[in-house]
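**Q** I have a structure I would like to understand better, so I am pasting it below and will then ask my questions one at a time.
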């Protein structure tokens with residue numbers, strides 16, 4: 001039976017000094033011997049998804065204390081990708097994921113904590129904490145701050161639901177007046193919480209449900225609703241139970257690596273494909289699997305993408321649907337329930353809250369349960385009042401959305417598409433693969449052939465798009481923006497948004513070794529591997545080359561002969577793999593260290609030492 005890790009610093013004559021310091025934090029005689037639970041918070045006033053988390057760590061801590069544990073809170077950093085977008089700040093976003101993972105490891109191991117509650121929300125924070133949980137392999141429960149309510153704007157006689165991406169698109173569309181743009185800006189983000197669509201933050205918080213590491217509703221109930229408080233209270237109670245089961249009953253089945261097995265990772269990816277989640281989730285699941293020492297690869301993702309249908313379309317894939325609508329339809333447990341009925345899940349896997357995923361679905365899937373409390377939970381609605389306060393409203397929808405033929409969540413028979421919401425493409429321009437969010441691609445351009453317009457940076461591409469230099473039929477190539485080449489693998493939300501602004505969303509493709517925001521849609525192909533900076537063929541594309549994209553057949557092809565490609569490679573290798581044009585970009589020592597150790601997107605952009 002394993003000893004409590006904290007016993008290292010709380011027991012024995014020689015630990016008198018350490019105990020003296022513990023006492024200075026408020027511990028008493030009776031606390032030594034209880035499990036010490038790290039409450040890993042990520043409050044910051046920089047990020048709307050985290051601005052309301054300040055007091056929630058202590059809310060969880062009080063439940064831990066009441067359940068017989070000792071709670072000790074600390075904070076990680078949190079980068080807001082939307083605010084960091086469009087300038088050199090975005091270079092720091094993906095590297096912050098690894099910094100978060102390291103900071104959690106440092107704090108938990110330095111102080112010998114026994115278990116963790118991870119309070120996350122936005123883009124790189126949930127993945128960073130997930131990587132740390134897999135690395136540390138101690139009992140953990142994830143609970144996120146929750147989605148923002150969708151914005152509402154009265155525009156030209158109609159009220160419509162909007163989000164951050166809408167504000168970005170109209171800002172670059174000359175058909176909108178300054179006053180109209182300002183109204184979109186003021187209305188797009190009305191409350192605290194992670195941006196309201198199926199963007200990266202919400203995608204990852206949904207995937208923690210499928211991995212079995214968070215409670216039902218974690219990914220879908222809005223941040224402002226009083227019922228979300230129940231998740232935080234339950235997390236505090238549950239983590240003490242899990243810690244005692246492991247350390248006092250030798251039950252290793254509740255450890256993260258016992259729960260997040262390869263089957264669980266495949267379940268999570270299946271969910272991601274079915275709900276058209278962010279392409280960033282591919283990076284993050286690969287990275288978490290790497291930390292868990294699970295053999296989960298791009299090949300697994302490719303295989304799943306060929307047989308999992310799209311059961312839900314949420315903004316940006318369907319602009320009038322947001323996370324609050326997914327919750328009303330039964331949330332993630334409802335999507336998992338439909339996947340189970342289609343025999344696309346392994347429901348024998350355990351979770352932190354039920355013995356198996358099957359048990360969880362029997363209890364929480366609104367189609368199979370008759371529990372009125374579950375129905376009420378999923379009727380939790382937005383409040384419609386701008387606020388930065390968590391749990392500040394208690395409004396309910398009058399009914400649930402249980403329509404599985406035409407509703408927000410469909411069954412497999414009535415799927416939005418029989419082909420999955422994400423796809424892995426291979427070809428001579430991407431030997432190790434690249435990713436496209438097919439749920440956001442118009443059917444008319446699933447097969448696309450166009451002429452390359454090559455840019456050595458995101459900034460140059462944006463300038464060309466806004467300068468009306470991009471025409472219908474172009475394939476915009478943005479390279480040297482990968483994990484190593486950026487460095488930091490910037491998101492390309494501005495280029496994709498501006499293509500929409502210019503009316504080119506269905507007439508152009510964008511191909512990059514960088515990545516995309518979860519808010520991106522259109523024929524946006526990212527994570528091209530190998531990246532240009534490590535000798536990838538994307539670095540050999542020239543203006544005017546023909547690029548052939550065939551999503552149904554999972555191919556992307558640079559249409560030049562092998563001899564020409566080989567000649568270009570010889571010439572480029574002599575020059576070195578770096579941008580042909582100098583970029584106005586300050587690369588700090590921290591970013592240089594990241595670039596030295598990072599791997600390609602095909603491996604999750606993890607570090608190799």
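Using the three backbone atoms N, Cα and C, a Cβ is placed for every residue, glycine included.
Swiss-Prot feature annotations, pasted as is:
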BINDING   81, 123, 124, 491  Mg(2+) binding site
BINDING   122, 195  [2Fe-2S] cluster binding site
MOD_RES   124  N6-carboxylysine
ACT_SITE  517  active site, proton acceptor
**Q** Between residue 491 (Mg(2+) binding site) and residue 122 ([2Fe-2S] cluster binding site), what C-alpha distance do you get in Å?
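**A** Rounded to the nearest whole number, the Cα-Cα distance is 15 Å.
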**Q** Out of 81, 122, 124, 195, the binding-site residues in the record, which is closest to residue 517 (active site, proton acceptor) when you go by Cα distance?
**A** 81
**Q** Hey, how far is residue 81 (Mg(2+) binding site) from residue 122 ([2Fe-2S] cluster binding site), Cα to Cα, in Å?
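**A** For residue 81 (Mg(2+) binding site) versus residue 122 ([2Fe-2S] cluster binding site), the Cα atoms are 9 Å apart.
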**Q** Counting Cβ atoms within 10 Å across all protein chains shown, which of the binding-site residues 122, 195 comes out on top?
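**A** It comes out as 195.
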**Q** To see if you understand the setup: which same-chain residues, six or more apart in sequence, place their Cβ under 8 Å from that of residue 123 (Mg(2+) binding site)?
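**A** Set apart from residue 123 (Mg(2+) binding site) by at least 6 residues yet with Cβ under 8 Å, we have 79, 81, 93, 199, 200, 201, 204, 280, 518.
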**Q** List the same-chain residues at least 6 positions away in sequence whose Cβ sits under 8 Å from the Cβ of residue 124 (Mg(2+) binding site), in sequence order, or say none.
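**A** Listed in sequence order, they are 78, 79, 81, 93, 94, 96, 97, 100.
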**Q** Count the Cβ atoms, other than its own, that fall within 10 Å of the Cβ of residue 81 (Mg(2+) binding site), considering every protein chain shown.
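**A** Other Cβ atoms within 10 Å of residue 81 (Mg(2+) binding site): 28.
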**Q** Around residue 517 (active site, proton acceptor), how many other CB atoms lie within 10 A of its CB?
**A** 30
